[in-house]
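The block underneath contains the structure these notes are about, expressed in structure tokens.
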Amino acid sequence: MADGSPAAPSAATGQESAGRQRRAGRPHENVLSRKLITEAALTVIGVEGYGAFTMSSLARRLSVAPSALYNHVTSKQEVLRWLQDHVMTQVDVSGFTAEPWDAAVRRWAWSYRDVFAGHVPLIPIVAVLPVAGAPETLKMYEKVAVGLAAAGVPAALIVPGIVALESFIFGSALDATAPADIFDTADLSGTSPTFTAAVAAQDRDTGEPADVAFRFGLDALLAQLDSTRQKASAD
């Protein structure tokens, strides 16, 4: 302007500036990655629960359109597989580098149960997920396998041993989230007197029923593993 005052921004300039501001807060779809999507999914589930987890809720968390997600992941099920593999990093396998084999297995099993008690919907996924698509899960299996091999468990029985433990762990993770009155026979007590008496006879002073059951079963599995390794060393 002739008087030296600064020129007012044009409408086009203002639109360009607003556009830049809007874009700054939205990750462009090529910024998305497996790690970023997985972390966002974990946040959504932590706040809203698995029941509310959808691709739309995930897209909102990432501030992208749902269609942008599908350039990086094929389905909600694939996101859950990524999430399952990520959750495996929370399972404690540290005992296999420093503790006796049975203490290491015990630490791992309790940690595994507790982690997946908080992620029960992932159990059907990990139970059938090929390890080729789950690098963190495979790392965990390798730690356990090395520990069992070093303890003298025959190579042919390491995978059956892990599967037996894992099957028990998954069932126990479900049990840990069950209602406290799951075995209350109520009006049917007359048709199941022995079972009803057994439920009443549980010693609550030894811990929560789910913990007592897990300890009991884990002791049995560890005893079988110990018997197996001792028999192998004697042959």
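Including glycine, each Cβ sits where the backbone N, Cα and C put it.
Noted in TrEMBL for the protein shown:
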- 1-29: region 'Disordered' (REGION)
- 31-91: domain 'HTH tetR-type' (DOMAIN)
- 54-73: DNA-binding region (DNA_BIND)
- 115-132: transmembrane segment (TRANSMEM)
- 144-165: transmembrane segment (TRANSMEM)
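Broken down with DSSP, the domain 'HTH tetR-type' (31-91) shows 46 helix, 0 strand, 15 coil. Over the domain 'HTH tetR-type' (31-91), the average per-residue pLDDT in this prediction is 92.
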